[in-house]
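Single-structure report; data block below.
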């Protein structure tokens, strides 16, 4: 439970910083010429120009889910962009022992920097420490290690912030409606991140006394479970005004259930940022009006950070000499108004 | 041909007209076993009462009945196939993985180009193909069913992941999607429920009225005796796993209709749900006795529990605890009624 | 002998199983330090008696006293606590455990009550093995890696690991070669010198004469003689006690000798053999004829039957039905050619215990009642009913559950299966096992009637009178070879026993 306060504090501390970082990342991924001019003049800043050659080791879990697959793709295509970066990517694995072995192999190969998305943050802390002691800086991606000593820099999404932003978005849309009812379709309940998302959502709704959360069911991040649980929710709640669904993958099933039940009397907000969800938002022909990002572009950013670490440079857009030790990404709300900007980052 | 047998054959029709009457059917052991499994009806009745009291408006609505039956139909079809396999003394751990593989194979961009028929055909063929591999390994490779189907579980899931790369394959074929829509209901019955009903009826007839069913029971009851009685036990086993694979293929198609997509995570833990439903339905895990009606009731019990919990907005943790408790309770009730009978 | 009470007395022990009275009044008295031999034919009740003594079966009535005190042997542990150990014929060792673990299974030396002290067990086991003259067996080895004879020694070591007063040995010499038998006798001698009593069961009279002191003879669940001196009682008296009967089996009348000689043989077995089981055997069976195979357990009689049926694959030779050779090792080929088998283990090998009589009868004939796989259950049931009626099976209800029937009627259901199929050759393996004496006569009559209707029957039985009374011709088997063939009327029980017991019965 120690993570929740720290995450929320992080969310507050980095409130403003994250906004600008988020903007920066967005700028990067949309492949516009970056605004390097704005960077502090005296700090060496990582840029697109070839520099010292860097070998980056990348270890992630098995890509059995659209989002994780997008993580791998983002990392690979980002690395390809730089002629000075060699990416050593391991076969993804959900087996903790196997992943530890893979990372140890990368350490033995003496890669310059490691980017690790652990299958389980707590369980892989030791191998993170090993790498750091061996003098290899570690960029810890998303699932955080148990000790800050196990990584040089952490970059990841904000589960609490997702819930918070989804809640705020729904709150603003329904704030003039008396006795508004909200329903939540959560993800896999065994995971801490699901509970963080729900907590953020609940905290945001507290700001709107006219809104009441009337039901919550947990699906399993799969289309099939999304369909099944949503069908039950629709049967249980004959009328409600808004729905937050934690995950766009299970959202495919949820939308299917909504379609089958012939319901369109509420607004739906998704989560994570799948391409199918963004397409639906853009088309504006379903109940899905927005989705809260948990951007897989963080993997591309992690490659940038790793390259910066390898070349001893800081991040553009900040006055700092060093790369920050922690970067929490902003869970932007994607609506019809800004969907075009995010569409390229949508994953399938 | 020797005399006694000829005599038996000749006299058969006469004695049939003499000694058989209306009570013949009900005295059959097979049907009586089905009657025993009907003790699950009591469990179901209790659940309906609980649902009706705790959520009267939502639970007793027609739309909810349609919902429960639809949700039961996919796992129900898988359970019918599983019932045959368990009755024969085997087990099929690969059903969930086969459903996943068939559903993603049938929803690739290439397959979808062939439209409705392409999706249906691919789902069924992939299911049958996996069943064939299972059957060959078990019947002729002499592998233990547990191990052979466990291997199939791993490989089919892996292949499904390979095909999708983890992404969700959205179905764009309108005719497939329409099958799950309200407009497609026949006299208020969703088409998926009709498929489930058809599979149930065919399964019941196959198990109780055909040589195939009788041989299945014989192999499960005493494989050695069946072999010495001249039954081709191996071929029978091959057919049984083929049948289970076929059911998985049909279920995969139904899941595609229901979820409008194919995903490698489909059919998650179907093997356990199907085994549990068959067992609480009254099929013996050791083989030799199977009841399709019981299995279907078992599936309905599970689906109804889930439905009642969702309607009452209970947490996942509570749902899981209660599900475990109900499995134990149903089996105990079952056991008691069987002992009373025997 | 009188001052001390006997170590063990059993009196008036009875024990019934459904349909069978296994023990019908057994008296047994064993003194400390003696070797007491138990003799009797198969089915005389020896195994049941041993199990009562081991606490595995509870007697229905009768008294047991141990060192003068009445006791009840309520469980195997209770018997063990008194100091009674049993070495069964089928070894009950766990192959995946080591020698020491097997020896001390259930009473492992422990620290703090639950931590097994493996080294202590191994040391103690090594000591016992040394005492048994088999120090070469490593206590740490897996039992599954040992030879049959070594496993026998481990069994014995297990018995001796308890504070034992009485050891029951059920045919301990069956799996041993002569040298090992000598060692066994030395061990038995050592044990009795220590005051331990041994109950020794064997078919081999010579062994009994060598080490036995007294003999108790069992017949049909009764002790017909107790305390006979082992050395001096004449062989003929022993055999007479074993074979003489109170209840005479009623065998159906048979046709004159040689009645079938002119008929074409329906079954021909030519040089059929399986290595290690039976030597090449030749056999001809004509319609209407019953041929019997007589021999002890392990003489290869059941194996021959199962190989003819295709349930075992032969190493050589062939089986012909009506002159056409069958595909070897295929039950389906045999069944299709018209052979039927009523196997030895009825419940394990023939019956579908959860099913009705009708399903059990029709299982080999299903496709006859089906059109495109669809069963006509009316015709099926009626045909089964007819077949069952022809054999006067009771109850006359094809819907009865098979498990509720007596052994004799279950056997009739198996016969009805082949009758319905219309087979030409019927193989019967121990057809009256578990069938009570009254019902046997009826079964014999049924078998003879089937033969008279034109079937050829091959009969295997461990009960010599059954073979002699029912068969037309008899083949006597010893250790996998046919040692004698004769018309059944030319043989008597003594002669056959003499032949199967390795000529130990020199009159």
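Just so it is clear, glycine is given a Cβ too, placed from its N, Cα and C backbone atoms.
The feature compositional bias 'Polar residues' is assigned by TrEMBL to B:1-21. What TrEMBL records for B:1-27 is region 'Disordered'. Under the heading transmembrane segment, TrEMBL lists B:37-55, B:67-86, B:93-110, B:116-137, B:144-164, B:184-207, B:238-261, B:292-311.
For the transmembrane segment (B:144-164), the residues of the chain that approach it from at least six positions outside its boundaries are 85, 90-94, 96-98, 100-101, 103-105, 108, 130, 133-134, 137-138, 241, 262-264, 266, 271, judged by C-beta separation under 8 angstroms. Within the same chain, residues 74, 78, 81-82, 118-120, 122-124, 126-127, 130-131, 134, 146, 149-150, 152-157, 159-160, 163-164, 169-171, 244-245, 247-249, 251-253, 255-256, 261-271, 274 sit at least 6 positions outside the transmembrane segment (B:93-110) and bring their C-beta atoms closer than 8 Å to a C-beta of that stretch.
The transmembrane segment (B:184-207) makes contact with the transmembrane segment (B:67-86), as judged by at least three Cβ pairs under 8 Å among residues 6 or more apart in sequence. With pairs at least 6 apart in sequence, the transmembrane segment (B:238-261) and the transmembrane segment (B:116-137) have 3 or more Cβ pairs within the 8 Å limit; the two touch. With a cut-off of 8 Å between Cβ atoms, the residues of this chain six or more beyond the transmembrane segment (B:238-261) that come close are 70, 73-75, 77-78, 80-82, 84-85, 88, 90, 92, 95, 98-103, 106-107, 119-120, 123-132, 134-136, 138-140, 145, 149, 168-171, 176-177, 179-180, 191-192, 195-196, 199, 212, 216, 267, 270.
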